[in-house]
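*Asks:* Below are the structure tokens for one structure; questions will follow.
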Amino acid sequence: MRALFLHSNRIKVIARQKALKEADQLEKPEFDVNKEHLAVFVAVEHGDNLSVAEQLVEEIKKVLEKIGIKEKVVVLYPYVHLTNNPSSPKLAKEVLDKAYDLLKSEGFEVYKAPFGWYKEFEIHVKGHPLAELSRTIKPKKVKKEEGNKVYLIYDGEKEYIIVGKKDKILVKDYKEIENKEKLHFELPKDGIELPIPINQDFEKMVLKEVFSEGEEIEKNPLNDVAKKFGFEWEPLSDYGHMRYKPYAALMVDLVNDYSIKIAKELPFPVFIVKGTNMFDLKQGPVAEHAKLFGERMYEVQSDKSVFVLRYAACFQQFAIAKDLTLSYKNVPFGMLEVADSYRFEQPGEVVLAFRLRKFYMPDLHVFTKDLDEAVEQFLNMHKKIMEEIKKIGRDYELLINVASFEDYEKYKYIIEQIYKDVKKPLLLAIYPKSDQRYWIINIEYHIIDVLGRPREIGTTQIDLHNSKRFGIKYIDKDGSEKHVIILHNAILGSIERYIYALFDTALRKEKPVLPFWISPVQVRVIPVSEKYLEYAEQIAKELESKFRVELDDRDETLNKKIKDAESLWVPYIIVIGEKEIKNNKITVRDRYENKVYETSLEDLISKMEELQKGYPFRPLYGPMKLSLKPANL
């Protein structure tokens, strides 16, 4: 908030023309205060909240005391021109009304210039050193009074309340709470007393989600792996922004391609879109949806307005969907954008290639006709998410967030279906009821990384509210208009998090290796010496139309060349020397089988084609010859 305090003898205000729909209702179009008073010109700014009204009143009292005004006469004047970053008119009006009421309650004689009107005014300001003062008032952080979440472990038909040491229940206000069996999680980790078997990964997720155990570890092998493949912090940008060197850029684009491929294989039409990453916070639907992210909003000021940088593709896809003419015949359908996304994570919380302020999200929204269809597709999306993580040899632990206790009772049948699919305990977080939540059920899919920390990768949600907020409707069979129900889905998670999961999976193997399709270098051809370079280049050129192949033509020893290829986890290293040329064979160091063997080039090509089948392909993002590549690129 910006405030200008003017010690005045007189102010006359006349409302001339209504400017805003939120404008005050006028009792009188003008007032004239012809006595000593403090005129307070106020601009409420974006990011303020109602707490600034109380702070404004305190500043008014301080200024009156500082100037030495004995009469408690104050004129409040809304004056947006004090800032280039104004709040919404709704909030500005609420702040001014609250300040007015607070001053009245403390015995002040208060006048308020009408809000939302074009006005003319005359003012006579005194001429002493303290007659004109200004203040910038910062809002206090307002904690949401949501009560406590209820944490349950759901195991088939049974529910177990999670309690901590000394039976301190972490939940309250959950009906029939005493009818639930209790799980005693003793902290610190000195054992868990459980009536049901759970695996270690699930236990770690519970300890992290419920008890906030498990800090980031500075020495993280996953950081070293990410850097090796070219994922780095960009020091010339903001916290949490990365740069992507050629191998990293290639991997990101391959996951981009793969996310589109699997979306197009779903059993309904999926449309690929693109759009902007900035949305106007003065627009009602945008402002309402943005509130859900609070301090994690990434904002940009322009000459037009204050914009929020999107944290997924919701805004753009909903903005497109609201303009469509939809029939029941068009629904269900999906909309996908691999969206550059922004979240204002705290500097100390960012994690290379995982928790970022800017990342890429293959964000898929599915628009359905009704709840039955939404639940059907929700279960399909769940199965697809589980299928994709199993392709890389992993499994997820599930945290299911439920919007309210009422929703838990109403939609428990969905959770039962999820349980029947995964056949293992689920962690449920049941929230107190709130109008702020747009979803009724929100599933987070977690892996546990090599350091024992839960890492959310995929997600799916049922959204009952945004179609009404944005006005997304279809015409039903009977000719009536109905709002769609929306599913939010990240089948792979963000691109960076999916790659993080691939790195984490690779580190668990005897010899770390990535899936063939996403290995930035799939084959490296190494001549034993310069004498065999020409033949090695012929081999490389024969492969490069189908595979990403590099030729190590550097003036280095054979051992050095092999070591460098091994450090990059290259799946197939082909060594070419006198024996290979003479026998018309190649010697292959096979990282998947952890073997060295002789084979024909044709047999190796067949093996690699089988590994590549069903996945996207892109060529190298650099030259084939390593001699042309700068060091550290």
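Including glycine, each Cβ sits where the backbone N, Cα and C put it.
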*Asks:* Taking HIS365, HIS446, HIS465 as the options, which does Swiss-Prot list with CYS314, HIS488 at the Zn(2+) site?
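*Replies:* As annotated by Swiss-Prot, CYS314, HIS488 share the Zn(2+) site with HIS365, chosen from HIS365, HIS446, HIS465.
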*Asks:* Does DSSP put HIS365 (Zn(2+) binding site) in a helix, in a strand, or in coil?
*Replies:* strand
*Asks:* Can you tell which of the binding-site residues (HIS365, HIS488) has the fewest other C-beta atoms within 10 angstroms of its C-beta?
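*Replies:* Ranked by other Cβ atoms within 10 Å, the binding-site residues HIS365, HIS488 bottom out at HIS488.
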*Asks:* Tell me the residue counts in helix, strand and coil for the region 'Editing domain' (1-143), as DSSP assigns them.
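*Replies:* The counts are 37 helix, 54 strand, 52 coil.
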*Asks:* Taking only the residues in the region 'Catalytic' (220-515), give me the average pLDDT of this model.
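*Replies:* The predicted confidence over the region 'Catalytic' (220-515), as a mean pLDDT, is 93.
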*Asks:* Write out, in the order they occur in the sequence, the residues of the chain not among CYS314, HIS365, HIS488 that have a C-beta within 8 Å of the mean position of the C-beta atoms of the recorded Zn(2+) site.
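*Replies:* Close Cβ neighbours, site residues excluded: ALA312, ALA313, GLN317, PHE318, ASP363, LEU364, GLN461, ASP463, ASN466, ILE486, LEU487, ASN489.
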*Asks:* Ten-angstrom check, please: count other Cβ atoms within 10 Å of the Cβ of CYS314 (Zn(2+) binding site), all chains counted.
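*Replies:* Taking every protein chain into account, the count is 24.
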